[in-house]
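Feature annotations, courtesy of TrEMBL:
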- 1-134: region 'Disordered' (REGION)
- 14-26: compositional bias 'Basic residues' (COMPBIAS)
- 65-77: compositional bias 'Basic residues' (COMPBIAS)
- 111-129: compositional bias 'Basic residues' (COMPBIAS)
- 355-389: repeat 'WD' (REPEAT)
- 386-461: domain 'BING4 C-terminal' (DOMAIN)
- 481-553: region 'Disordered' (REGION)
- 516-526: compositional bias 'Basic and acidic residues' (COMPBIAS)
């Protein structure tokens, strides 16, 4: 039998010969990596090909790795304060003579500040105190930015000022139109409404739309900027007063018998028969309350967001013809025929205060935007200014030849019986006369979400941020009597058990004693801090000494 020849060592097997014959196909990127030595390295597309080109490292060779920790001693960096910083230079290379942000005067920043920094922060937890400090810092930064950007307000306020000995009441509207610039003169318009008068006027919250109602039933609304008429109807009965609600889309009209609500197309939406014989209307925008004064002497608050009457208060002073609101605290001021002015809130059935203003009946009442001053005019031809911050004392009084039937404070704080001075640089975020329909809808939703409850109307709105300590202590005392123990009392300190023999009786007693000493030191520190305040109070000038002072402890 013939046997197959054994393959020699030099001749490879058949399979190996096939593998050796097959050559790896060359690609153009392989040629570039092999031939181009100075070319910029790129990202490899195949890891296996890159491994073949790299030299293989033997497996059993131990190569010492480089330590990541540097052996050089690290020297402390030099502080930046010691370096001499060069002054900033502009693109042209000129040196800025006034580097850094522009300084802001203290008085200018104080005008935009809302937090009183004279009051110290209350003693509270560290977390709460840090939040208050952050809020104060943000408010300070915002006030500085607002004061710095005040230079961008190009409009300047103006008002009517006569020469020496000149009576401003004799100046006509035509004289004012000739004296002002073209842009201001273009805003002047004249309406000849002689048939259905007298009229009651009201501007929308944005100041762009005007509504007026005549005593003989004429009701109309228009955009006074573009002179576009929104609606015009005749209700066929006397109109006592008219008011825009939270937007120019709704109108409240006090007709001879009942209160009616119309839209901006003149379509009647509601007839509120519980508000009958209404004489005056006032709308509180932040509370969505419509206040009505009637011939029967009732003051009614209507929540227009839900259509519910919040309160109906009897003033017990006869017919109510004079009414205005305080923009600062939303308190309603009513003028009566006996010469008094009463202040009302829907949360109280009795007036918050009563002020004797005139010897005759009150004809008109006006309150400025800050809620500080109140102006009244009466049948005695007296015009008086009252301070609403203290004891409601009159600051000044002036006799007018024929009296004043209508009073109004302008946005610049001027009191007018026929004219005023408006704010030229209005806040577009508060009331934007150029807003679109979508912006009005978004503002309406936001205002409804931020509606203030009617129970929070009071004389001093700052009292809402304070804690009623008396009622709080009374509720706490009643709760302790009901439960038999104080649930808010601090539990005595109980040390937690520790392991490895550290919970012995001596160590527990030592830890309790340490906590007790710390609490005692805190009480002593608080008493020492309160001593200077007591000494300052004792040093205050006392009244005339009396023989009974020796019995005072």
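Glycine residues also receive a Cβ, built from the backbone N, Cα and C atoms like all the rest.
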Positions whose Cβ lies under 8 angstroms from the compositional bias 'Basic and acidic residues' (516-526), at least six residues beyond its ends: 493
As a quick check of your reading of DSSP, tell me how many residues in the repeat 'WD' (355-389) are helical, how many are strand and how many are coil. 0 helix, 20 strand, 15 coil
For the compositional bias 'Basic and acidic residues' (516-526), DSSP counts of helix, strand and coil? 11 helix, 0 strand, 0 coil
